[in-house]
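Student: This structure is in structure tokens; I'll ask about it shortly.
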Amino acid sequence: MKTVQFCFLFCCWKAICCNSCELTNITIAIENEECHFCISINTTWCAGYCYTRDLVFKDPATPNIQTTCTFKELVYETVRVPGCAHHADSLYTYPVATQCHCGKCDSDSTDCTTQGLGPDYCSFSEMKE
């Protein structure tokens with residue numbers, strides 16, 4: 001019985017104290033409306049788990065702020081989209097996370113939805129490698 005209690009307490013400690021929010025490599029689809037196709041690029045973003053809770057009885061006077069794994073610092077990189085027409089602006093700037101933390105989701109710069117389109121979504125039918 002003591003082993004079960006120890007395992008339970010250890011798992012609770014691990015979940016609370018050891019958030020695994022860290023940098024990870026992802027592939028995103030970038031698209032340019034003037035070029036009418038998408039290309040895939042590799043970048044770095046934040047992923048992992050953060051301690052959070054969802055109360056059964058919600059108090060309207062107390063805001064329920066959920067933490068999420070999000071960037072603490074980021075830089076922007078620019079890539080030239082190949083194959084665009086000469087008159088088109090073929091430069092695309094995208095964010096690259098350099099440091100992560102568990103914090104409130106900032107909807108001004110991040111898709112804070114529960115289930116978004118995903119980083120590899122392309123609104124055009126053509127995807128170039």
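For all residues, glycine too, the Cβ spot is worked out from N, Cα and C.
Keep in mind the model is a prediction, meaning the values are calculated, not measured.
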Student: Between Cys38, Cys46, Cys50, which residue forms the disulfide that Swiss-Prot gives for Cys122?
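Tutor: When Swiss-Prot is consulted, Cys122 turns out to be bridged to Cys38.
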Student: If you pull up Swiss-Prot, which of Cys102, Cys105, Cys112 shows a disulphide to Cys50?
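Tutor: That record, Swiss-Prot, gives the partner as Cys102.
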Student: What residue among the disulfide-bonded residues Cys21, Cys50, Cys122 has the most other CB atoms lying within 10 A of its CB?
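Tutor: In terms of Cβ crowding, the pick is Cys21.
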Student: In this structure, which of the disulfide-bonded residues Cys35, Cys100, Cys105 has the fewest other Cβ atoms within 10 Å of its Cβ?
Tutor: Cys105
Student: Please report the distance from the Cα of Asn25 (N-linked glycosylation site) to the Cα of Cys122 (disulfide bond), rounded to the nearest angstrom.
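Tutor: With the alpha carbons as reference points, the distance is 19 Å.
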